């Protein structure tokens, strides 16, 4: 009876809570989170607990969309399968949450309810078992359902089951469910769903379809509201009471699970994956998924393009390649050479390696916390460059997903751009919606705004609306309300971008002449769907890495896919972080990244260290264990078939060695960092243990109370400064989350705000690959199209740039041509004219573009771009700077300051000096050929540097390798002679040496260059530091080639033919045209062309190049390297000069040497000032011969070292003399002396010398007070100490010294017992006299005081 009273009171409490809650529902903003609901009424939690208990019993088969309103089901018990009758009206187009209110009348036959409970109790009991397998659960559950027609007792199923007492069905009251707002499902009902779905062939009587997050529930006792058959009964309160009492754990269930959407979806999806599998007879591997995508579009006449490197060598705006479109950027911008392979592309398909771990797109800190973020991923994409558009791209996507991948079309939802206030000039994309209506019902075609469905490359440039395809993992419901709501059960799988606009600097949307298609589908996501798993990490792209981790560390649990609160020990979090990060760093290092402290290399270092730190923290890996690099092989097995370089054994060993070295380095820095952290903590804990004062401005760790912003009370707690955290982050590689954890363990408050402020100032991006030269103008794609289609202006012919005298002959060539267009940065003008006073432009009133803003707002020096029919100006390209000169005729003169080629048109950018320019004027060009010759000399010298550098460094690499091989042989011979007891150790050492010896591969590749009239600059990769001897050898060999007077021949060749020449150098990240210029530096070029199979790597320089060159190496005259520096780990930079500039800096160096050469003749201490001045000049001047400068600096260093050593010896001798002098003087007879006053004329010394005398004196005379004086060349020093002889004499040392020094204008200081003073050398005699005078004065005063004391005593 008590149990019934308990339950009825519980139900009454529920109704009271519900009534109270209704008042607050209107105030609550609808959201996917339950937090707002909890905040509105704390008692709401209790209501949810009761509802979950009741719902666990009563939720039945609902096979319909959630969106329908007013649905009533009658569930019959006559047939084996429950039948559903829909008596409702379908409200289609309203997607508001308010339409989720529905009334569902559910009748459950008592027998079926009891079967439901059997399943629950069985599962509940099985959950308690430590070693429980899904197979066992499925088997037992299957057997249970097979016996459903029999009367199975509860006691035979579970010890926690109901009692065998039959429940009376008489006088039972009906239960009506009116669904009310409750978020998330509990684990109990999900387990029932999962197991019953897994046994779908035998459990047709009990099937659950769990609904989306917004479920409404209410209980009333209105039996009359039911339309029931006579043979059916209802679940009565007795049964419900027994259920609640027997399962108290359900009532105690942790309410924190209500927010775990990931848990919901994970378990719900298990059942849905079974039904989805009916459409997929076999599970595809990730490799098959990738290959099917590429093959499908290849059959649609798409060209398969290899993935670009994750390092965007030719794009300074990116830290990493972060999207599939990056390598096609030039095509979209119209900057591609139409004769190149990319320039000819119309349709393309690829799988692009992408890294999002820095810059605008940074997922690094989110990896591991959920099951869908990655730093590295593959982007599958198909592309159309002015070929097909919306209709075909949508058709291809739908066909591939539904017919090739066999995805259930009922689970797909699509979105389109529905307009946005921020883009008023871009209307709703009705065209896309109408195309989708051919494939999808209208209620599954959803409009969204700019944030979701408008794609932009950057602040300016090509952009356009997009259409996304979303997949519902659960199915059999209306999930339209969950699209773009960050619900992991409904995820975006494909984005189709319709690139049809170009956004200018003024936010104007100009239509592109040739719209393009850009699509992207993440391989990891689509693979998870096709493999019927709940997350990307459960696919074969990650599972092999998990297995390798488990193999290395058998003691850790296996990966279970837990997140958030479920992942209590963060084991699964660590699995995800490590597996993701090893994929990322393997690919990045393979493409050229080397961990360091700058730019993208710093990001890779951070990723490696984050993975190692997570492994140490959650897997308890010891600091001396090197393990992370061993996972590279697993990544190679997964990705190697697609990315062939990951199958190269040398490359794999190289990657492993780089990671291993970084691991070793991090272990060392981690130990130092922990030590440093503990030192800082000791300071911080002063604030915990004492009454403290908090510095609120900087959060410094001082004595004081730390005031928490969220509290009105002050706590005595230490503060860890943000600056200290930042230093640990930058110097020791400590991630901020690790610092936070360590601070929490020590109960120290971290000033995270200060850290964040410092971190924002810390620049990660550094440009180490290309050298940007400022452009005055840009010619967007639509403007180029306007020139071609409206103004009928053809592309500029610029072949004349190669026709010039590149030898000793003078250049007086002029090219006659026609001005085709005048461009001011926004508009094409008819004419412009020059005026001395103000800018006076006679501009035709009809401009080519209305409402455009002229970039030449300044009244002084307006700049324009002239587009000519033909030109002989060289435009900036391939690292070579542009030409300058003039364009003129008898009416005007135009000063050319910059030349750029954009969209097939050469822009001559500059200023009008005088006259008037009109379109179609005939003009002549005057190139500054003297400047071009200097540039050509530097460019040809760059080719020589590239050739000699590789030759010398390759020889060095081979020599080092030979030495290592010889050492290896010697070690092997020695190991064989060792005893058997040492075999295990020697074998381990041998394996380590084998691994290290094969882990380095030769890498000396060009990473960037700059050539102008002043200098040449060349960046390249190499695995170790370059010695001064190697630099000298490189410089000497280049000068030898210059003296050989080799011909520099430029041949125009077919690209395919040129690649047959063995030893050809090129930057293969560049996109070359079909016909290329090949530059040969050799006497016999014809023999090279006849024998291309010969390896010319070490014979001569052969390189693809589109720049201008000198005719013969003799015109270079001289080659001097001026600097060598490291700009990143493994990346070095040489700067050099040639020709006139080389002669200038040689003379400058010689003049400097003449000025300072006397310091080398007689180096001594007196020359130190001159030595330091010469050293400073050499270091600050970057344009001096590097080899000579380095030799002089080495000599200066030796001189400084000798002078310092000489001074040390002299100082040592002086101190010894001072010690001996102090001892000898202390031992002299000083009877009846109260104060020993001494001027040491025997030595010249400073305060330190005087201190040595005092120390020695005190050791040998401990009672006599003294006043010692010593002088050097500039100052006089003195010291006064009161001992036993002056005690009780009323003399204080500091007062005495002050009285002595004050008349001399000297300085004094010290204590009552000992004081110091100083004055100039010329006052040393006066100083001694003052001491004697003050001594007599104080002693006389002391005598008088003593007499007075005696008289007072006598009177007393």
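Glycine is treated like the rest: Cβ placed from N, Cα and C.
Note that the structure is predicted; figures quoted are calculated from it, not measured.
Among the residue ranges 816-838, 839-861, 862-884, 885-907, the one that TrEMBL annotates as region 'Disordered' is 839-861.
As stated in TrEMBL, the feature region 'Disordered' covers range 1303-1323 out of the listed 1303-1323, 1324-1344. Nonlocal intrachain contacts for the region 'Disordered' (1303-1323), taken as residues 6+ away from its ends with a CB within less than 8 angstroms of a stretch CB, comprise 1247, 1271-1282, 1292-1294, 1296-1297, 1330.
Averaged over the domain 'Alanyl-transfer RNA synthetases family profile' (284-1148), the predicted model reaches a pLDDT of 83. Residue counts for the region 'Disordered' (1303-1323) by DSSP state, with H, G and I taken as helix and E and B as strand, are 5 helix, 11 strand, 5 coil.
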